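Can you keep this structure in mind? I'll have questions shortly.
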Amino acid sequence: MDAKLSPNQGLNISGIGLASSLAAGLGIAALTLDWMANRNPWQGTSLTLPLLLCTIASAIAGYFVVPLLQALKTGQIIREDGPQAHLKKAGTPTMGGIFFIPVAVVGACVLSNFATEVLAVSALTLSYGLIGWIDDWQILRRKSNKGISPRMKLALQIGFAAAFCLWLMFNQPANITSIALPWVSFALPLGFLFWPLAGFVLVAESNATNLTDGIDGLAGGTVAIALLALGAIVAPTSPALMVFCAALSGSCLGFLAHNRNPARVFMGDTGSLALGGALAAVALLTNSLVALFILSGIFFVETLSVMAQVSYYKATKGPDGKGKRLLKMAPLHHHLELSGWSELQVVSSFYVIAAILAAICLAIASGGA
């Protein structure tokens with residue numbers, strides 16, 4: 001990890017080239033998955049059409065919204081103790097989630113004929129996006145990296161998670177509290193314990209994607225991969241949520257037209273909290289928690305790197321009040337940057353890992369079908 005790498009060693013690709021490759025790869029994957037499932041890729045209830053339409057719509061929306069965000073002076077506050085290469089990003093507008101999240105929600109609702117489960121997941125997604133927007137707005141208003149207090153943010157996340165769980169409790173079959181295990185015809189019955197687990201998953205997933213959003217194109221691309229795979233997995237039991245996942249995946253791709261390196265806009269907490277909430281909500285509603293765990297491997301490692309860094313620092317704190325660090329900086333992607341990796345090396349590597357995790361998930365799903 002500490003090996004010094006030149007900025008483009010072993011990677012002769014630009015930000016737009018990487019984003020285009022991802023979009024092409026996911027487009028081909030969507031077509032292939034539709035073909036394998038005997039779905040018409042050009043009908044609303046598919047992976048391909050929602051992905052394509054929302055990619056285009058999100059990219060077009062960005063060409064109008066990004067200049068508006070610039071005019072409103074919503075420039076991101078950059079941490080001075082972070083990678084020095086990030087200082088040049090100062091002034092890049094944030095809150096990009098305000099355009100690509102609504103595009104996906106509207107697209108999914110229309111293409112699914114306003115299915116009840118899509119409306120519920122959309123409400124949770126927008127609610128978490130609202131929490132992120134409040135946090136982003138406070139950061140901009142105070143001109144610092146401090147938005148709303150962590151306690152307030154957590155309280156809002158738990159509150160919206162509880163509301164979603166209440167909807168699940170009264171509108172879904174009783175067996176939703178049993179977790180399906182792949183490859184075996186057995187479900188782990190959790191009973192009442194399912195509900196605190198569900199709340200934890202919603203809060204943890206949203207915070208994990210939030211921590212991953214630290215490099216141009218990183219969160220948007222990895223979440224797009226996870227969403228498309230999750231959409232394919234839930235398709236047999238919930239075609240409407242397949243459409244939602246494909247639409248949000250496409251909207252992430254459209255956002256990358258503006259967020260790829262060098263980024264013209266950041267998604268901010270407005271986008272990252274919403275994306276994590278969406279992933280968790282779909283998984284809970286479709287009994288796909290095992291799939292979510294695998295697909296979120298990158299987000300969990302990023303979160304664990306922060307937890308390990310903080311815990312080790314506190315455990316090794318001496319009389320002078322200073323402790324030792326496991327990593328040069330947390331989350332992991334910043335450690336890699338400070339170890340000599342370029343942003344494109346980190347992002348492309350994480351894309352490959354996300355694709356491998358998606359392939360593993362799809363293989364497990366097909367094996368258990």
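Backbone N, Cα and C atoms are what each Cβ position is placed from, and that goes for glycine too.
Sharing the feature lines straight out of Swiss-Prot:
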type	residues	note
TRANSMEM	13-33	transmembrane segment
TRANSMEM	49-69	transmembrane segment
TRANSMEM	95-115	transmembrane segment
TRANSMEM	119-139	transmembrane segment
TRANSMEM	154-174	transmembrane segment
TRANSMEM	183-203	transmembrane segment
TRANSMEM	215-235	transmembrane segment
TRANSMEM	237-257	transmembrane segment
TRANSMEM	281-301	transmembrane segment
TRANSMEM	346-366	transmembrane segment
What residues elsewhere in the chain lie close to the transmembrane segment (119-139), defined as a C-beta under 8 angstroms and at least 6 residues from its ends?
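Same-chain residues near the transmembrane segment (119-139) but 6 or more away: 74, 77, 94-95, 97-98, 101-102, 105, 108-109, 145-148, 153, 156-157, 160-161, 163-164, 167, 171, 202, 206, 210, 241, 244, 248, 268-278, 281-282, 285.
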In the same chain, who gets a Cβ under 8 Å from the transmembrane segment (13-33) while lying at least 6 residues past its ends?
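For the transmembrane segment (13-33), the nonlocal Cβ contacts are 41, 46-48, 51-52, 55, 216-217, 221, 224-225, 228, 232, 246, 249, 253, 256-257, 260-262, 344, 347-348, 351, 355, 362.
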Residue list, the transmembrane segment (95-115) vs rest of chain: Cβ under 8 Å, 6 or more residues beyond ends.
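Same-chain contacts beyond the ends: 44-45, 49-50, 53-54, 57-58, 61-62, 65-66, 69, 74, 122, 125-126, 129, 132-133, 136-137, 239-241, 243-244, 247-248, 250-252, 254-255, 258-259, 265-272, 274-275.
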How about the transmembrane segment (154-174) and the transmembrane segment (49-69): do they have 3 or more C-beta pairs under 8 A, pairs 6 or more apart in sequence?
no
Taking 49-69, 183-203, 346-366 as candidates, which has the most Cβ pairs under 8 Å with the transmembrane segment (237-257)?
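It is 49-69, which has the most Cβ pairs under 8 Å.
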